[in-house]
Amino acid sequence: MPEGVAFPKEIKSFVRRAGRTTTGQAKALEDMGPQFLLPYQTSAIDFIATYADSTGARGNNDINPGPVILEIGFGMGEATAHIAALMPEKNFLCCEVHEPGVGALLKRIGEQGLRNIRIVAHDAVEVIDHMLPLQSLDGVHIFFPDPWHKKKHNKRRLIQSALIAKLAARLKVGGYIHCATDWQPYAEQILEVLSKEPLLKNTATQTHPELAGYAPKPYYRPLTKFENRGIKLGHGVWDIVFERV
């Protein structure tokens with residue numbers, strides 16, 4: 001693992017899930033970490049240097065590194081790797097605090113030969129606050145964040161107005177936030193929070209009025225094993241997509 005990279009021990013909007021890092025994940029952390037893991041820092045990230053060898057880079061002499069998508073909480077990286085392979089022209093900055101998940105995504109990166117992913121194993125809120133300049137992102141993905149089912153824990157949900165305001169300010173005009181959840185009360189909260197952010201507009205309002213503010217599943221988001229299992233059990237999934245104005 002690169003010097004300066006450490007998995008946070010404080011519980012904030014997340015909880016560290018129990019789970020053992022497998023031998024394969026540990027090997028990926030050791031072998032792939034130096035190239036694809038970024039240490040948390042309190043200064044703005046240099047996207048040009050970070051993605052210089054990425055498939056999303058637009059040439060060594062071009063100051064534009066290509067579109068950058070932030071992903072918050074990628075789990076075991078199944079959807080992340082799928083989307084990065086589907087969109088080689090885009091660069092992905094992915095935040096996750098679960099060490100086995102980070103190892104799993106690094107393993108996928110190696111197996112699939114992906115070059116357009118970088119990972120910060122740190123609390124995403126602090127990454128947003130300190131590493132991401134204003135109007136620097138082309139998109140944000142937040143798929144299946146912890147719903148904190150109990151009412152007394154709702155305040156710990158990731159998607160709150162303060163976070164969305166920070167993300168909206170860091171999106172370029174025309175950039176988007178895409179959230180997905182399989183917990184209807186959380187979907188309703190997400191839709192309400194994003195609707196109140198003045199820098200965002202709902203992409204589904206005019207195109208799909210029959211969905212009451214929710215969006216059809218975008219083509220790039222795959223059905224994961226977890227999601228497929230839920231669908232077979234009759235669980236719903238809600239996609240919410242808003243655009244920066």
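Think of each number as a place in line: the chain as shown, counted from 1.
Glycine too: its Cβ is placed from the backbone N, Cα and C atoms.
Among the features that Swiss-Prot reports, S-adenosyl-L-methionine binding site is placed at Glu71, Glu96, Asp123, Asp146. Around Asp123 (S-adenosyl-L-methionine binding site), taking its Cβ as the centre, 19 other Cβ atoms fall within 10 Å, counting all chains.
Residue density at Asp146 (S-adenosyl-L-methionine binding site): 17 other Cβ atoms are found within 10 A of its Cβ, drawing on all protein chains shown. Secondary structure at Asp146 (S-adenosyl-L-methionine binding site), as computed by DSSP, is coil. Residues annotated as active site in Swiss-Prot, with similarity to another entry given as evidence: Asp146.
Look at Thr224 (substrate binding site): DSSP puts it in coil. Residues or ranges marked as substrate binding site in Swiss-Prot (evidence: sequence analysis): Lys150, Asp182, Thr224, Lys225, Phe226, Glu227.
Same-chain residues lying 6 or more positions outside the region 'Interaction with RNA' (152-157) and placing a CB less than 8 Å from one of its CB atoms are 13, 145-146, 186, 189. The region 'Interaction with RNA' annotation in Swiss-Prot covers 152-157.
Maximum intra-site Cα distance, substrate binding residues Lys150, Asp182, Thr224, Lys225, Phe226, Glu227: 25 Å.
Nearest to Glu227 (substrate binding site) in space, judged by Cα atoms and limited to the binding-site residues Glu71, Glu96, Asp123, Asp146, is Asp146.
Residues near Glu71 (S-adenosyl-L-methionine binding site) in space but far in sequence (CB under 8 A, at least 6 apart, same chain), listed by position: Thr80, Phe92, Leu93, Cys94, Cys95, Val140, His141, Ile142, Phe143. In three-state terms derived from DSSP, Glu71 (S-adenosyl-L-methionine binding site) belongs to an extended strand segment. Spatial neighbours are here defined as Cα atoms within 10 angstroms of one another, and by that definition Thr224 (substrate binding site) has no neighbours among the binding-site residues Glu96, Asp123, Asp146. On the 0 to 100 pLDDT scale, the region 'Interaction with RNA' (152-157) averages 86 in the predicted structure.
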